[in-house]
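Asker: Pasting in a structure now, in structure tokens, and then I'll have a few things to ask.
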Amino acid sequence: MGVTKTPLYETLNESSAVALAVKLGLFPSKSTLTCQEIGDGNLNYVFHIYDQEHDRALIIKQAVPYAKVVGESWPLTIDRARIESSALIRQGEHVPHLVPRVFYSDTEMAVTVMEDLSHLKIARKGLIEGENYPHLSQHIGEFLGKTLFYSSDYALEPKVKKQLVKQFTNPELCDITERLVFTDPFFDHDTNDFEEELRPFVEKLWNNDSVKIEAAKLKKSFLTSAETLIHGDLHTGSIFASEHETKVIDPEFAFYGPIGFDVGQFIANLFLNALSRDGADREPLYEHVNQVWETFEETFSEAWQKDSLDVYANIDGYLTDTLSHIFEEAIGFAGCELIRRTIGLAHVADLDTIVPFDKRIGRKRLALETGTAFIEKRSEFKTITDVIELFKLLVKE
């Protein structure tokens, strides 16, 4: 299978990215512009264009028609750039302070021109370095509560929502999640990647039919529950942050899926960072886990009471039941994320940079055990505190 490009598609380089910015009139005329390709992800080129005289900058992001991490042997649709720019614009309608502003997009060139966020740091990098970002979980809880509610059936007329489901159909990137999060880590698949010292624990997982059945249920929900427009890849590497500011980026995996998925992915990545820390240094992560759920629950509930179009919205117990369902699935999805980030294709630096090696293996084993417990016991948790306490118990705190 070869790489497919649209007739007008042309891969940008630093000079052509500058030419595009000039053509679009995004800088004052006769500005002297510098450009640097700064992308460190698997799927895109990212150009930082800077006008030193006026101290202005922007980002030009272009999707490439293959996964950079693999090469042209893994072709990917460039339509994901349309998905990303459309998702950012829609998210910006509800939380403009939490996403980058989009200035321009071109579907055929798979280009999105957006606000420069280089004054911020990728949250995963900062957390690994020991930063705690006091407002991170409150901001992400608000992002989740508003974006997930206002794109759902609770807030939209059915015909409008169905048009959005169509607009954000994203089969190729969903396929990546379906395989790398919900399938391959639970079987002896060649995409898996783990240290040989983990093999006994990995094979224990592969031989656990009970957890496989529960993972299958979660996968089915991901496949079939078109509840709302989700980000689809909301980990700490998809967030820029500082002590006071938070911006969610990279929603190219966006589609209509289960509300709990984004919630669970973010929570899992907080726990992954906690595993990279020791003792009291984990406490800020536990506080973030608690805060993100509480803020999401509060924000979602306020939006429900204020703006729900569902005729059943005011029936006593309906909101409570809805939140309980979201919570249960979120913890299950978090378990899948913990496992796949430990033994799947795409690891996280939180675990892979732990030293010495024996300590790293021990923490990865704990990630597998915690992920398995979250999947199997998700219906038993009543509060987010229950989840945190189980995590503490498993990591021997």
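Every residue gets a Cβ built from N, Cα and C, even glycine.
As annotated in Swiss-Prot:
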BINDING   ASN44, LYS61, GLU115, ASP116, LEU117, ASP250, PRO251, GLU252  ATP binding site
BINDING   ASP233, ARG340  substrate binding site
Asker: Reduce the DSSP letter at LYS61 (ATP binding site) to three states and note it down.
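Answerer: It is in a strand.
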Asker: Quick one: pull the CA-CA distance for ASP250 (ATP binding site) versus ARG340 (substrate binding site), whole Å only.
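Answerer: It is 20 Å, counting Cα to Cα.
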Asker: If you count Cβ atoms within 10 Å of the Cβ of ARG340 (substrate binding site), leaving out that atom itself, what do you get?
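Answerer: ARG340 (substrate binding site): 26 neighbouring Cβ atoms within 10 Å.
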Asker: Based on the record's binding annotation for ATP (ASN44, LYS61, GLU115, ASP116, LEU117, ASP250, PRO251, GLU252), what whole-number value in Å is the widest Cα to Cα distance?
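Answerer: This binding site's residues have a maximal Cα-Cα distance of 18 Å.
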Asker: Could you tell me which three-state DSSP class GLU252 (ATP binding site) falls into?
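Answerer: For GLU252 (ATP binding site) - judged by DSSP and reduced to three states - the answer is coil.
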Asker: How would DSSP class ARG340 (substrate binding site) in three states?
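Answerer: Where ARG340 (substrate binding site) sits, the three-state DSSP reduction gives helix.
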Asker: Which one is it, among the binding-site residues ASP116, LEU117, GLU252, that lies nearest to ASP233 (substrate binding site) by Cα separation?
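Answerer: Sorting the binding-site residues by distance from ASP233 (substrate binding site), the top entry is GLU252.
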Asker: Between PRO251 (ATP binding site) and ARG340 (substrate binding site), what is the CA-CA distance rounded to a whole number of Å?
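Answerer: With the alpha carbons as reference points, the distance is 19 Å.
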